[in-house]
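Colleague: Could you have a look at this structure, given as structure tokens, before my questions?
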Amino acid sequence: MLLPSLFCFDYYSDLFCFPIVSGLSGSKETAQDQVSVGMGLLAGSTVLLLTIIWGTCVIVGKCDIENSIALDSVDTRGFSLTGSGVSTDIWTSYAARIMIISVLPFVIVQLPQLLHSTSGRHLAVLIALIVSLLLLASYCFYQVFQPWIQRRKLEYVRHKHVILGFLRHLKQRSLGRLLKENGEPDREVIAKLFHTIDDNRDGNLTHGELKALVVGIQFEEVDLDHDDAVKRIMNDFDTSRNQLVEESEFVNGVCRWLDRARGSRPASGDAGPHTVKFLSNFHMETKREHDLLDVSGQNEEVSEGVKNAKWTTVKALLFLLLGTIIAAAFADPLVDAVDNFSDATSIPAFFISFIALPLATNSSEAVSAIIFASRDKRQTASLTFSEIYGAVTMNNVLCLSVFLALVYVRGLTWDFSSEVLVILVVCIVMGALGSFRTCFPLWTSIIAILLYPFSLALVYVLDYVFGWS
């Protein structure tokens, strides 16, 4: 995900061009009314994305779950609340955490209301605007550098596969135990291993001798050739950088790798079985980490995305420009239509903008996301939920920045406590759900969908019972 998806750019342009064009025209009272409609649209869109659309994607994309992983295109358990659902990669969890961070400007702008202060409201709007713009810039930089971060993390996991395969191979070839009774690496045994590998007895291991050692290693769950493995071993062990691995370098290198694989687990009892145990634990940890980072060829997609990054950026900007022009042409009539419909039906304009407008402006995006999620694959599920979290993040930083700028420049009143509270509740609940797990059984979709009527009821109670609006 180099940038927020192209379909989201049309959606963003509707949101932020709408208040720009409407808010800068007309009287201050008109601008206040138009920004109120815009805030309702922002809150309604955010809630709709994280509740109805999120929950529906779980339902249509459900597969059988085994060991907290959804099996691609396998759906035999029907609507089992715990045995059926979707799972994603770790990058989707990162997107959810970023979304939670993006609500910070909402908290800042609401502080004067929480403290019952009237003098600091204008300053709070300015501070929230600055923070929102900084978060927007940071998020854009993250989108640009995310493919590079993904490649680095995947390389790190591939290196752990080399460590695992190499240590397992040494264990099989060792004349004794790799660890002593106290759990420390047995340097004498490792030194004996060195001499069995050193075919010409010159006290150094060459590239060819290392390749002869690793040629029988099966690197599980990763496509890694033996030349690459030898290169990684040489880079780690050859501290003198003379393209040879001396005995001391070999012993020290194996000890480092043993300590790394062992981690913080205390060693006790018989070293032989314990070696197998901690290598098995290291294998499970590495396998899970690799599985979360690279879902069904995700790495290939990242590489393709990097190659097309420039064209993707240009196309996204063109879509943004087109959406902005369309929204600019219809912004004022749209606001007038909302006001007129509100007057004619006696339905508050906020509820029209909170319910009807998000359904209208997000319909195509919702259909696209649901169709994409219905492919019943972890890869498409990861991309779908990442796009949802990314869209909400852009709501919270880009669109909010525009609203805050208008409020600050025009000297409008920031009185959107109910909208802000609903956004905070939904973003934090769904963000926490996505941040700490990568598997979403069907019961999670029930929580998400029920949040939508809860949000409507909360806004109604806050505005018309407690008089927040």
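Cβ coordinates are placed from backbone N, Cα and C, and glycine is handled just like the others.
Pasting the feature list from TrEMBL:
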- 37-61: transmembrane segment (TRANSMEM)
- 94-111: transmembrane segment (TRANSMEM)
- 123-145: transmembrane segment (TRANSMEM)
- 185-220: domain 'EF-hand' (DOMAIN)
- 316-335: transmembrane segment (TRANSMEM)
- 347-373: transmembrane segment (TRANSMEM)
- 385-408: transmembrane segment (TRANSMEM)
- 414-433: transmembrane segment (TRANSMEM)
- 440-462: transmembrane segment (TRANSMEM)
Colleague: For the transmembrane segment (123-145), what are the same-chain contacts with Cβ under 8 Å, counting residues 6+ beyond its ends?
Modeller: 1-4, 98, 101-102, 104-106, 108-112, 309, 393-394, 396-398, 400-401, 404-405, 407-408, 414
Colleague: Under 8 Å for C-beta pairs, could you tell me which stretch among 37-61, 414-433, 440-462 has the largest tally with the transmembrane segment (385-408)?
Modeller: 37-61
Colleague: Take the domain 'EF-hand' (185-220) and count its residues per DSSP category (helix H/G/I, strand E/B, coil), listing them in that order.
Modeller: 19 helix, 3 strand, 14 coil
